Structure formats: C-alpha cells, structure tokens
Amino acid sequence: MTYIITQKHDSVEKNWTKQVANSISDPKELLELLQINPLSWKSGFAAKKIFAQRVPKNFINRMEKGNYKDPLLRQVLPIIEELDIVPNYSIDPLKEKEQNTHIPGVLHKYHNRLLIIVKGGCAINCRYCFRRYFPYQNINNSKFFWEKKINYLLQHPELNEVILSGGDPLMAKDEEIKWIVKEIEKIKHIKRLRIHTRLPVVIPDRITTQLCNNLAKTRLQIIIVTHINHANEINVQLKTKLNKLRKKNIILLNQSVLLKGVNDSVYDQIHLNEELFDGGIIPYYLHVLDKVQGAAHFFVSDKKAKKIITALMEKVSGYLVPKLTREVTGKKSKIPLDLQLDL
C-alpha cells in the first residue's frame, strides 16, 4: 500500500510528521546547535555515508549544550570509530536473513510470536542499531504482501502474539496502524499485539488521540515496548503523552541497550529505571550489545554488565530491575546472563 486506506491527517499528525521531516541529518549542524566546535569531529563525519544521521530537534533539545560527552548525543552522532572493521562483529549479528519466512519483512524467530517489519525508516538513527545494514528496500507493504503475512498467521495456530517492529512501526500513519490492527484481530488465535518503538520517545507528539483510540478499540491486548537508554530521554512532555496510553489500558514496557559512555554505571541504571517507572513504564530488558559492525565502541563486557545489574538489585526494588539478556542466533528466546550469585 502504499496502504489502501487514506485519510486527511489532523493537525497533530501533521505536526509529528513534520518533525520527522525536519530532523537534523548534518553532523555539523547538530554540533553547532549544541555549541560544540564541529572541527574537532570532522574526521568522523564520513561514518554518516555508511549509516545516515537522523535526529529530531525535540530529542536534541534534551542534550546538554557544550557537552560532547552527552549520553544522548553519543547515541546519534557519527564518529570515526564506526569505520573500524572489528573481528567478531557482523552486518547481520543475529543472522536474521537465515530466520526469514520467505515473506519479506516477516521473521518467525520465536515459537509463539511472529515479528513483522512494518516500516524500514526510523525517526532517529541510533549508531548502535543492530539493523543498520538490514535490507529494508526489500520490504513490501502492498495489499498483496499483507495478505501473505495474514495467511502465514492463519497457517500457524501456535502463534498467539504479533510483534510490530522496524525500522519503527509507528512511522506508519494512524490510519495504517488502524488497518493493520483490524486485520490481525480477525485471527482468533492471536491474543496480543506488541509494538516496539522509539518514535514517541524522540517525538512525543507521535502519541496522537487517534492512535490511542485506535489501539483501545481492539480486542487484542496491546503492549508498547519503548526503547529508552538514558534517564535524560524522559521529560514531562513524554510522561504526559505516555499517560494517554496508560488511560487506554495499554501496557508499557521498556528495553534498553547497555552502552559504553551512555548508561554503563550503576547510577545511570538507577536513574533510568526510576524515571521509567515514574513515567508508567516497567523496565523489561537490558540488552548487552549486539555485535554489529560500526558499534564496537559501545561495547560493555559481560563482567561489567553483571556487576552493574547485581549492584542495581541491591539498591532498588525488584520491579525496577530489568532482565539482563542477549540475543543468540538460533535460540528460541533471549538468553539471560548468569549473574553467578552466591547462594
């Protein structure tokens, strides 16, 4: 489709789409907005030719001016280290091409869940993204291919949950999301619909009244999994928008990635998970880095990761401690890291 349903956008939807369109793609402009001398970063700008920079202004406004070590800036600014070819890092670290269903954008990685890539684009390009080399150009969202996706669901009664992923699935317009939800809810053995997204985090206006109402009308249990890595990403505007989802009985979970120089301290993790919970989000997963080429400078060792999560367990309530996990190719679930705690 090019979806078969089109409808005039309301002013709010126009607002978020305009914010996406006005994202900053030039590293020099990004640094100048933050009052950082771009000449000191010039050697890293070549990295954007491999993986483009894209940062919404709303997200930039949460960065500290003059601080080139700002944890939000570090997640999005191309740097020279991305050009290093590092052993044991891959352009497809999770071997997703091998897990395909022969339907473009459909991955049957887990027994009871089917992952559907709705959109290839994101509102923000995170430098550690494990799908930074994913062949999104092969994704086809025509009516014909959606029928194939629906047929796959019908043919697999062991499936009871659909995961909408990307890119970012909420790059789809509200009417597109509405259509997708209606098609999926027709399948009786599907109970839950999970949406993995970072878009509302970087552009809170993406949480429109229409989106909330559309998600509230379905018989499916809706779970939204946000991608938030640092407490500074959470502000009053985001909390206010998230509350609109909570009022519609939508479950909010968060998954983050443990990133060197971003959130690899006990303090960072305490602050992040406290802020998540204050915003109505349950900390769900803390992933160790997927070893994608271009992201090795974010790597945190298993030893340090275990120390952080163990210390976190000693300092906060259990519901504020996410599961420390990694993705392992071919496994039917994420694999928890053994903390090797003394009994």
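Positions of Cβ are set from backbone N, Cα and C atoms, glycine also.
Lifted from TrEMBL, the feature list:
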type	residues	note
BINDING	Cys122, Cys126, Cys129	[4Fe-4S] cluster binding site
COILED	228-255	coiled coil
DOMAIN	108-331	domain 'Radical SAM core'
MOD_RES	Lys334	N6-(pyridoxal phosphate)lysine
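Mean model confidence of the coiled coil (228-255) amounts to 98 (pLDDT, 0 to 100 scale).
Listed in sequence order, the residues Ile124, Asn125, Arg127, Tyr128, Arg131, Arg132, Arg198 complete the 8 Å Cβ shell around the [4Fe-4S] cluster site centroid, once Cys122, Cys126, Cys129 themselves are left out. In this structure the alpha carbons, written CA, of Cys126 ([4Fe-4S] cluster binding site) and Lys334 (N6-(pyridoxal phosphate)lysine) are 21 Å apart. Through the fold, the coiled coil (228-255) approaches residues 59, 62-63, 71-72, 75, 196, 198, 200-202, 204-205, 207, 209, 212-213, 215-216, 221-222, 262-263, 268, 271-272, 274-276, 278-287, 322 of its own chain, all at least 6 residues removed from its boundaries and within a Cβ separation under 8 Å. Taking all protein chains in view, 15 other C-beta atoms sit within 10 angstroms of the C-beta of Lys334 (N6-(pyridoxal phosphate)lysine). Cys129 ([4Fe-4S] cluster binding site) sits 17 Å from Lys334 (N6-(pyridoxal phosphate)lysine), taking the CA atoms of both as reference points. Long-range C-beta contacts of Cys122 ([4Fe-4S] cluster binding site), restricted to its own chain and to partners at least six residues apart, with a cutoff below 8 Å, comprise Arg54, Cys129, Gly166, Gly167, Asp168, Met171, Arg198, Leu199.
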